[in-house]
Amino acid sequence: MSLRHRTRPESQPESQPYNIIPIHNLLADHPSLRYPEVRAAAAALRTVGNLRKPPYGQWHPSMDLLDWLALFFGFQADNVRNQREHLVLHLANAQMRLTPPPDNIDTLDAGVLRRFRRKLLKNYTNWCNYLNKKSNIWISDRSTDLRRELLYVSLYLLIWGESANLRFMPECICFIFHNMCFELNRILEDYIDENTGQPVLPSFSGENAFLNSVVKPIYETVRREVDRSCNGTAPHSAWRNYDDLNEYFWSKRCFERLKWPIDLGSNFFVTSGSRKKVGKTGFVEQRSFWNIIRSFDRLWVMLILFLQAGIIVAWEGKEYPWQALESRDVQVRVLTVFFTWSGLRFLQSLLDAGMQYRLVSRETMGLGVRMVLKSVVAVGWVIVFGVLYGRIWSQRNSDLRSSTRDQKWSSKADRKVVTFLEAALVFVAPEILALVLFIVPWIRNFLENTNWKIFRMLTWWFQSSSFVGRGLREGLVDNIKYTLFWVLVLATKFSFSYFMQIKPMVKPSKEMLKLKDVNYEWHEFFDHSNRFSVGLLWLPVVLIYLMDLQIWYSIYSSFVGAGVGLFQHLGEIRNIEQLRLRFQFFASAIQFNLMPEEQLLNARGTFKSKFKDAIHRLKLRYGFGQPYKKLESNQVEANKFALIWNEIITIFREEDIISDKDLELMELPQNSWNARVIRWPSFLLCNELLLALSQAKELVDAPDKWLWYKICKNEYRRCAVIEAYDSVKHLLLEIIKTNTEEHSMITVLFQEIDHSLQIEKFTKTFNMTALPNFHAKLIKLLELLNKPKQDLNQVVNTLQALYEIAVRDFFKEKRSTEQLREDGLAPRDPAAMAGLLFGNAVQLPDASNETFYKQVRRLHTILTSRDSMHTIPENLEARRRIAFFSNSLFMSMPHAPQVEKMMAFSVLTPYYNEEVLYSREQLRTENEDGISILYYLQTIYADEWKNFMQRMRREGMVKDDEIWTTKLRDLRLWASYRGQSLGRTVRGMMYYYRALKMLAFLDSASEMDIKEGSRELGSMRRDNGLDNFDSESSPSNSLSRNSSSVNLLFKGHEYGTALMKYTYVVACQIYGTQKAKKDPHAEDILYLMKNNEALRVAYVDEVNAGRDEKEYYSVLVKYDQQLDREVEIYRVKLPGPLKLGEGKPENQNHALIFTRGDAVQTIDMNQDNYFEEALKMRNLLEEYRHYYGIRKPTILGVREHIFTGSVSSLAWFMSAQETSFVTLGQRVLANPLKIRLHYGHPDVFDRFWFMTRGGISKASRVINISEDIFAGFNCTLRGGNVTHHEYIQVGKGRDVGLNQISMFEAKVASGNGEQILSRDVYRLGHRLDFFRMLSFFYTTVGFFLNTMMVILTVYAFLWGRLYLALSGVEGSALANKSSNNKALGAILNQQFIIQLGIFTALPMIVENSLEHGCLGFLDNATPALIRFLHILNGNSDTLFGRTILHGGAKYRATGRGFVVQHKSFAENYRLYARSHFVKAVELGLILVVYASHSPVAKDTFVYIAMTISSWFLVASWIMAPFVFNPSGFDWLKTVYDFDDFMNWIWYQGGVFAKSEQSWERWWYEEQDHLKTTGLWGKLLEIILDLRFFFFQYGVVYQLGIAAGSTSIAVYLLSWIYVFVAFGVYLVVAYARNKYAAREHIYYRMVQFLIIVLGILAIIALLEFTSFKFVDLFTSLLAFIPTGWGILLIAQVLRPFLPSRLWESVVSVARLYDIMLGVIVMAPVAFLSWMPGFQSMQTRILFNEAFSRGLRIFQIVTGKKS
């Protein structure tokens, strides 16, 4: 046993490290232990009482129930400690939340425990019911046997805490729990073992017995299956993934086969070889496009049947469909849809059988029987409909023959129709039943959720019974909402399709079919009819018809989403001006939403309280009643508001997004200087005093009341006037010594003014015209006081001037000096009047009296500011955050409970190896353009850099270069907080902790605390030098980064409360290895732990146990502030290596056991959070109490703000698109569509719900590559409910460069390709009702499928045109004047619909207009948008299609850096050659051939109109990677790039060359997918590649040498050219290998001979055949594609090719890539050569940053200033 595993000495429990609460020592001095609930929970666990003591292991009296279980069943000690704290914390928190509190506060409440047990074991009881097993929880619902409840709960938690990878298999855990629970019951009931006569013992016990006897065997099975997957390359159907192994436990056979104790001989554990192994369970994932049809069959049935009916009706040629349907013939023809329908059912049954046959085994014969029966029945229906339909027409025809005059249908024929309809009724009966159940959803839910045998028998035919996916129907109201939405969308789509797509095609089709004697220009195989040509015309139309529902969905969802957003009051406060108008209500809104109300025990949740809330919200929102009146009278509220607001502003300052000056203007100052009004932030009061003065000047003679009424109309003006008056009075009395004559004179003067105000004679007594003079002199006085070196004489002079105005001009009745003396307004000594007045009376406060000077500055601002300060704060981010925060407080959200009564939660972040903090080297290292990260950040965030330097100087920095020495840590933090680093994420998440501490203080603080608090803070800031700008104050006492000002008021218990409610776990998978290697990442993580006390780090530790053996542990560490080092808290042994599936979910899963609380928020490495948002978290968690529809939520969706938008216009576009997805898109999905899932955003999970149902992500290799979304699938299938809340947001970083974005898109697209194969999508497609299934399809897999369809449509359209042009059909159609030219035009314009693709960007446009106003959005939207959509489609559809067909999806790390680097041409070529360039060249080639050979193209205008958008697509596919590449058109770089590209192509790398270095390596990697694909995938590849031979077939007949012949021989002879070319190539290659090195002259001879022979051949052809010289170039269009096609087919057939031949294939491929590179490079080189283009491109690329006046050009060109 190694040293680190020694059991800890029991003697000193104090020293034992603990996680949150020291439960081992309840007497310790720890703030959490002051809660009686914690002690009660711990005491309940200690009630072992008279339980039988475990026979092995020592029993100490201090042990509790968990130790008792551990000794009996062999759990690990650290697992026990971990779950003990978990359980105590949870029970204590739950008991704290009880309202009203229990009578006896010191004992655990039975209700709390019972509710927890029910929730935790809900999935287990459901599983028992499903399998018709009796549950082993022997406890009645009314019993109060606390100990037994605790034992059951503890047993489950201990099993869960040690199950490692089995946590992904919830029903497997249920099986283990079921059996162990049975053994526990037998021990509790004192059963006697029949064999030994002793009391019963568990079937295994001893150290780590549970791990070794139960977890390990199942774990090893998972591991062996993963090994069989060959790192994810084997077909999914060949090995069992987590889901298959879990679903084994969905049938009773797990009890019969596995038995208990687990029978290791069971066939469950057999993974290879022999016949008796268990195959796939529940579902077989097969790679095929058929999955799309199989999973969403209802959608395709609808589309196909409507298309068929639409064509039949439109064929009649009537104006409206109902006119055509009046005819009985049409009606009968429409009945053929039943053929199609029954045919589709047959197809579905064939697909089921073909894909799922592997599920059938001896144990599951029922499945096989059903598959066969379904196919038989489907065939039966096809025959029945065929026979009945035939009989209708035979009857009709015989009627027509018998009576030629009467065209009406006879009654016999009608009867035959009725018979057909009766059969059809039987056929659709199941659909009708489904419709009825859809209208009454609760019946459907009841039927699916009951486990009665009779219902199982009834539904057996329709779907195999499955444990998940039952009872998914929503409530009636939701049902109506999403049904209305979809009815509207479908109605629009079908009317559009009928009138705009199907109907215009009918006439041209008829014309085409009528065309006789077509003059074919080639050897035509179907020359007797034009049906093939008609088919080609219809193909693009049908493809568009199948995909345009996506576009209609986009359009409608945008408007519905905008509507829902408006009703939620989003975007009402968009900027600071709008906030100023509402700032007075803002304080009340904070009070209303963020402060808990003192509620009566029974008042919450009643109708009356809800009604009062609604009224109150209305008042706040629209300012009815003056809520700010309350603020002045009730100072505590004002002080609470001031504390929260100032804390937010202080944190803004800490983050350097505002400057010190902004801080002063924005904070709410404490009430000093006896001002009688609330002192609003200065930026609200600006200009108000001047306006009041001008009013006073205008209304010189108006009575007091009138003037005051005018001023009071504006609340800020009233406050500004009163505050200015009170402050001036206080100021003058403060700077003049007391006990002097001058002091008493001033006092008297103010007494007179006050008196006149009281009796409302102010305007009568005083001269209003003197006020501006006063104003000017006061400003001068304040300016003097504000100067660093104060000149007393000038102060005295100014005071004298003020005095003069007061006594000379201010009083309306002039008074003599005598009178003034009598009134006490002049000095007794006449000499003083002569210029010595105030001379000795002035005493200015010391420079260190910061409060005084701050007030002076504030008064100066109020008196002088003329502009209305719209630019405060200057920083856009600060403005956005304030606007969002203030707006969100006017939205509806649940009331905040007190912190003690809120739900506890934790945050979990998986981390692997990304940046933690930027190192000094990273910040300084320059790229090839001479730009370092720091320089880049200083440029992009210029204002924040200024603020940072200002803060550093205030904290004691003297010289600027100290930033690299003493202030290096601050600099690294500053830079890291602007990247996408772990440091930024941790800072953001720790705001939760800060917010909770502050809210806990405000909850419990008395009025005095808060009043004192705001006073102390003022003085404390002064001591800490927060405001004095001199750098003398020592840096040590300045505020450290983490201590906020409010901390100093805390009483101590706040820490305890906050820790009990919140923990943050970062799963740093390889932290142990990093520590061992002394990796700087490890130091940075340690630094983060040291500075954040609520941060915990979980990692997997590998320990060498024997020679070749390793042991693996899940370890949790924290930083102990007392010991000043990192301490290990728990170390739980794992059964083996952690990563069996995908890395990220495995990492989350191992750390999940260390999280606490009722909820867990999943945060990724690229996210950020804001303090002001963290204040709303307790409101958000209250949502779990509310019903949404018929269920409470299990996932709370949170919106995100994408913070990477400011970098370039591309990043801006990406972030706008993403923002629309995470806001508008999610909003619509949650309400009205009820199908929001989880997309890896900062969603908050109901922790115990997910914990017992498979965790917060799925982890099977490859199939779950997009791990997050499967949590959403799983949630919906298991009856969860996902909501979306927009009053709180979290920051998120997105990729910023085109290549990063492409990688990200590739990741998402290939992940979607895998989802289509998964069981979750199949089940959702079948178990959801029809409309939710549509919503689900069009927002997940359908989106990518339809993107691909758009590209396919372009292909179909262009290939169709090419066929018509080359075959001569087009020429004949035009020549035949009788045919209608307009009709042909209609076909040509089919592609206008392709351009509708732009509508998919609509949600983004609508969302941005809603939140930022229309104009703000339109500025930026246009440049990047269209190009960008096209290029994205290119990338994602390639990968999506390839993944479905061939697999090969992999997690692509997209990089989170900054992109201002120029990417080389070779790199772009590698990324885009196959997804963009090849396609673009292919389409370009079609367009060129079409232009040169089509009769239509002779008319230039027609050609342009027809192909403009296709050319646009070609151009954008080729150019986009260069347009979005910094310095993409710099001539020098272009030249270098081309050299680099050629070097890469010709590099003869060794075995270890990477694809970045060698073309050959890259070329092989591009074919990787062909290795993994099956036979069908290969066949489909070959069939698709055959299209390249068509060019040759079409073009050869157009050559002069063909001399107009249309014989097939022409085509066959043309192949001679191909063979000759290849032969020449082989000869040259042979000669080069043999002679080039030694006997060079022979090599040149061979070349010379070939050239001579070539010239002779050309001369001979010109002389003796009708060969034209142009044919040489035209033939290139024919033969180059042929070569490419042969290459592609050779790649598929590689295993069968001899190696010599393969070498030639490789060399030809290299030539093709060089050719492609040159084609792509040509336009780039041309544009680089043109002057002025480079600067234009920079302008497009950095549009966002330009408009903010940044020096981006220097960054791009690398010219530092």
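Think of each number as a place in line: the chain as shown, counted from 1.
Glycine too: its Cβ is placed from the backbone N, Cα and C atoms.
Automatic, uncurated: that is what TrEMBL annotation is.
According to TrEMBL, the protein has these features:
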- 1031-1043: compositional bias 'Low complexity' (COMPBIAS)
- 147-263: domain '1,3-beta-glucan synthase component FKS1-like' (DOMAIN)
- 1017-1043: region 'Disordered' (REGION)
- 296-315: transmembrane segment (TRANSMEM)
- 330-351: transmembrane segment (TRANSMEM)
- 372-392: transmembrane segment (TRANSMEM)
- 484-502: transmembrane segment (TRANSMEM)
- 532-553: transmembrane segment (TRANSMEM)
- 1336-1358: transmembrane segment (TRANSMEM)
- 1503-1524: transmembrane segment (TRANSMEM)
- 1579-1602: transmembrane segment (TRANSMEM)
- 1608-1629: transmembrane segment (TRANSMEM)
- 1641-1660: transmembrane segment (TRANSMEM)
- 1672-1690: transmembrane segment (TRANSMEM)
- 1711-1730: transmembrane segment (TRANSMEM)
Range from 372-392, 532-553, 1336-1358 with most C-beta pairs under 8 A to the transmembrane segment (330-351): 372-392
Intrachain residues whose Cβ lies under 8 Å of the transmembrane segment (1641-1660), provided they are six or more past its termini: 1624, 1627-1628, 1631-1632, 1634-1635, 1667, 1672
Long-range neighbours of the transmembrane segment (1608-1629), counting only residues six or more past its ends (CB under 8 A): 522-523, 1592-1593, 1596-1597, 1602, 1646-1647, 1650, 1675, 1678-1679, 1682-1683, 1686, 1704, 1707-1708
Same-chain residues at least 6 beyond the ends of the transmembrane segment (1711-1730) whose Cβ lies under 8 Å from its Cβ atoms: 1465, 1469, 1473, 1477-1478, 1481, 1518-1519, 1522, 1528-1531, 1533-1534, 1538, 1541-1542, 1545, 1559, 1563, 1680, 1683-1684, 1687
Stretch-averaged pLDDT - the domain '1,3-beta-glucan synthase component FKS1-like' (147-263): 92
For the domain '1,3-beta-glucan synthase component FKS1-like' (147-263), residues assigned helix / strand / coil by DSSP: 78 helix, 2 strand, 37 coil
